[in-house]
Amino acid sequence: MKLKEEAEKQYRDNASRELAKKSSNAEGGRRKENDADSTWGKIAYLNANDIAKLSNDHLKRHLAARNEPIEGSKKKLIERLSNSIDDEKQREVRIALEKEHCRIRDIEQTGSVYIAGKNDQGQLGLGLGDLDDGHEFTVIPALRGKQVGQVSAYGTVSIATTLTSEVYSWGGNGVNPIVIGHADSFASPQQMKELDGEETEMTSVGSTHACSISQAGDLFIWGKLGSDDTRLVPQYVDKFTATSIACGAKHIAAISDKGELYVWGGVGSIEQSYQAKPMLVKLPEPIKLIACGSQHTIAATESRVFSWGCGDGYRLGHGNDCSEKSSPCEIAKITELGGSQILDVGAGTWHSACVISNESSANGSGFLYTWGSGYCGQLALGKQCIATTPTKVKELSEVKKVICGRTHNAAIAHDDVLYTWGSNEHGQLGRSIEETDVAFTPHPGIVEFGTIVNRIGRGVPKSVACGHDFTVVATHPYEGPSEQEMFKLLESKRRNEQEEKEEEARLLRVQEEEETRQREAEAEKKKIRYLTSKRLCTMDSSCPGFTYESSTPSVCRECGFSVAFHTIVADEQNDAKGAIKE
C-alpha cells in the first residue's frame, strides 16, 4: 500500500513538472513574439541590421509599423524603408540642433559679449580656428552668459570683467605681456587666475600694460610700462584708493576717492618723459571723468574739461595751438558753453570727444562734441575732417556715453541704442555703411542690439570698448519679446500690411469702376443727345439742321450738303450759340 502511494505521488510530481515546463515554454514563446513585435519599425533595430537582407514579409511589417505603404517590389520596399529611416535620422538631428539652439539661446540672453572687426591677432576671441575679420557683431562663445559688467580694449588686446569679478583676457597674438601666460591660447578668452579673490570691478588696457580696480578701490598693474621691467603678475599700487582708471599707449591715469588725479608712465612732460610712480596732477577742482588717447589725456570736472600731452592734429582742442602741453590746460570752448555738466569724455589717437548735458533733457543725456583730426570720419562732422576746438555733432542729440578708438567711435544714446561711425575697413562698425567709394562713414548709424538677431535675443549695451580696428560690446540681459512673440508680432504686422494693401487695391478698383461707369454714362448721354438733337451744318450757317431726304438720305434737304458736314449738335431748347461740338 505504501509503495502504491509513493508511486502515485511520484507520478503527480512528474506531471506537475511537465505542465510547468510546457507553461514556461509557452510564456517564453509569447515573450519572444512580443519582443519580435516590439522591434518592428524601430530605428535601433533597423540600424543594426542590413535591410537589404530582410524578407519581403519583414520589409512590409517594418514599413507598416512606420505607417508607410507596403505595395511594390522588394527593391521598392527597400528604397521606401531606407528613405523612411533617413527621414527619421534627419528629424532627430533637427530636434537635437533645436534643443542645442534653445540651450545656447537661454544662456546668451542672460548677458553676453559681442565683437566685430579685425582679427589677425585673435582680437575677436573666436579661437585659432577663426582668424577672419568680422563685419557684424558675433557673440564670443567663451563669454556667453558670463554676465560681463565691463570691457576694455587697446591695440589688439581686450579684457572683460564679470559681475562676479572674474577677469578674462584675449588677443595680442600670444606675445603681448598683458595676456598673461596665454601664448598658445590667445585667440579665445582665458581667465586671469592671478586676479582671483581681488574682487575686480574695472580694467583698462594700454599698448603693453594693463591695470585693474577692485570693489574696495585697490589698484593693480601688470605688463610693461616704459623702461620698467615686465610684470607678469599684477602688482598692487598702494599710493591711493582708486575709483576710475584709463590707459594710454604708454601711460596711466587714475582718479582717487578724493577726486585727485594721478598719472604715471609716459606722461607727456617736456622735462620728464617717463614717470615711474603715480604723480599727483594739480587741478582746480575734483576730477570726475578721465580718458587717455595714445599720447594725450582728457580730464573733466563737473563742468570743465582739461587736456594735455601731444597736441598734433588739434587733438587737445586748444584752437590753432598744436603744441605739446606738459600740464592740464582748460579747453576754453567748453567753458564758454556756460557750465553745463560733463557727462562723459573720450580720447582716440588723433581726436577727442565729450558729452555735455542738455539742460532741457529730462533723461540725463546730452550733446556730443568732437575735435582733432578725423580723416576716417571719426569726428562725425560730415565732410569736415579737422576741428581745432570742440564742435557739436548735429546727427546725435541724446547721448550718454562716448567711446573713441583709433579710427572709429561708438556712442550709447539715452535709450541704450548703440551708434558707430568712422573707419569700417575691417568691419569694426559692426554694420553696413552707405558709402561705396570709401571704407568709412562720418555718419553715426544704429547697430542691432536690444532685439532678436539670428533667433537669439541680444540685450542692450552695458559696456563698450574700441580697440584698433575692432569693437567689443557687453550686454545687459535681453528683456524684449521672445522668439515666438516676435514671430507673432511680425506675422501680425505682415497680415496688417497685407490687409492694408488689399483694402487699397479694393478702393482703387471701386474708384476705377466708378470712373468707368461715369464715362459710360456720359458717352450714353452724348449718344442720346446726338441722336435726338439737331445737327447743324458747318458749311451753311443758315441751315436749320440736317433734314432727311428719302431719295438722297445722306444729303441735307435744306442746304444740300452731306451729313458729314453736319457735326454741330444743338439742344432743341437752345439756339446754335449753345451748341456743343462733337
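Cβ coordinates are placed from backbone N, Cα and C, and glycine is handled just like the others.
Caution: TrEMBL annotation is automatic and unverified by curators.
Annotated features in TrEMBL:
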- 487-518: coiled coil (COILED)
- 1-21: compositional bias 'Basic and acidic residues' (COMPBIAS)
- 181-475: domain 'RCC1-like' (DOMAIN)
- 1-39: region 'Disordered' (REGION)
- 111-164: repeat 'RCC1' (REPEAT)
- 217-258: repeat 'RCC1' (REPEAT)
- 259-303: repeat 'RCC1' (REPEAT)
- 303-358: repeat 'RCC1' (REPEAT)
- 366-415: repeat 'RCC1' (REPEAT)
- 416-477: repeat 'RCC1' (REPEAT)
With the cut-off at Cβ under 8 Å and a gap of six or more residues from its ends, the chain residues touching the coiled coil (487-518) are 481
For the repeat 'RCC1' (303-358), what does DSSP give as the number of helix, strand and coil residues? 7 helix, 24 strand, 25 coil
Give, as a single whole number between 0 and 100, the mean pLDDT over the repeat 'RCC1' (111-164). 95
Can you tell me which parts of the same chain pack against the repeat 'RCC1' (259-303), counting only residues 6+ beyond its ends and a CB-CB cutoff under 8 A? 204, 206, 209, 225-228, 237, 239-240, 244-253, 309-311, 315-316, 324-328, 339-342, 344-349, 351-352, 354, 404, 406
Per DSSP, what is the residue count of the repeat 'RCC1' (217-258) in each of helix, strand and coil? 0 helix, 24 strand, 18 coil
